[in-house]
Amino acid sequence: MAELACFCYPHLENDSYKFIPFNSLAIKCMLTAKVDKKDQDKFYNSIIYGIAPPPQFKKRYNTNDNSRGMNYETSMFNKVAVLICEALNSIKVTQSDVANVLSKVVSVRHLENLVLRRENHQDVLFHSRDLLLKSVLIAIGHSKEIETTATAEGGEIVFQNAAFTMWKLTYLEHELMPILDQNFVEYKITVNEDKPLSESHIKELIAELRWQYNKFAVITHGKGHYRVVKYSSVANHADRVYATFKSNSKNGGMIEFNLLDQRIIWQNWYAFTSSMKQGNTLETCKKLLFQKMKRESNPFKGLSTDRKMDEVSQIGI
């Protein structure tokens, strides 16, 4: 995750702003600079290489002292920064909006995936600039639309029906912020269209998840799509979701946290997010993740007989 101010800076033109991507040498200069505390939140002028991000964001970049940040000297950093600028320059950002826009925390990996989709000549985003920019504006939280299959970050499609598409996320192969744990496995499920779904299509998805992904929990980050994650990573997701929810609540103007379909979501996660929305503490909410829940009656009669027992997947073992 990183603020948009880590990728670009605003330049006032008439009554709105044009956004310009940082170059890696300007960032490198900022990372070595001594800056007064009162100037930590201001864009840094490297004199030689142009404007650099505010020094308060130093930890967002990979250095000898911090291996958890972005690999800003890669070509992918420049591609992501340029893509963000293209999207921001396609809309009007006024002086009253600019600080709020640049403070938005975004998923670096999501944006890298959109670059990869853009470069794939078989992908619809390669052929449609409007759809590409729409996808980026959704990714950076500047649109109230949800991420659907067409505007999704992408990955490897492992399941699809008339209503849903399930993607295996490819973060292990990333340049900018790769996942270093080689055991990482995670999926995302997007709706093909933002409209009411038929019961039969929901039933197909639940059957697929129950039999092929029975070692995983289905959760949501509240943005209109599902995530399918290892049970061992659920607590980590809970910390991130709670922190983001609280931050958005504090800053105001947040998009409503979408609990999604209770029949698809893991029961304990639904309890966690419901408790979070009620304003309870992180400790209180997280207790629900490890509490034994009363099993719900099967919402779809006959679902358990859709697959034979010998078809149960070994994925995740």
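Cβ from N, Cα, C; glycine included.
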Ser107, Val108, Arg109, His221, Gly222, Lys223, Arg227 bind ATP according to Swiss-Prot; which of Lys79, Lys188, Lys195 goes with them?
Lys188
Stated Swiss-Prot location of region 'RNA-binding', expressed as one of 131-167, 205-241:
205-241
Give the three-state DSSP assignment (helix, strand or coil) for His221 (ATP binding site).
coil
Please give the greatest C-alpha separation between any two of the ATP-binding residues Ser107, Val108, Arg109, Lys188, His221, Gly222, Lys223, Arg227, in angstrom, as a whole number.
18
Let me know how many other Cβ atoms fall within 10 Å of the Cβ of Ser107 (ATP binding site).
16
Quick one: what's DSSP say for Arg227 (ATP binding site), helix, strand or coil?
strand
Recorded positions compared (Val108, Lys188, His221, His225) - the one with the fewest other Cβ atoms within 10 Å:
His221
Please work out which residue of Arg109, Lys223, Arg227 has the most C-beta neighbours within 10 angstroms of its C-beta, and give that one of the binding-site residues.
Arg227
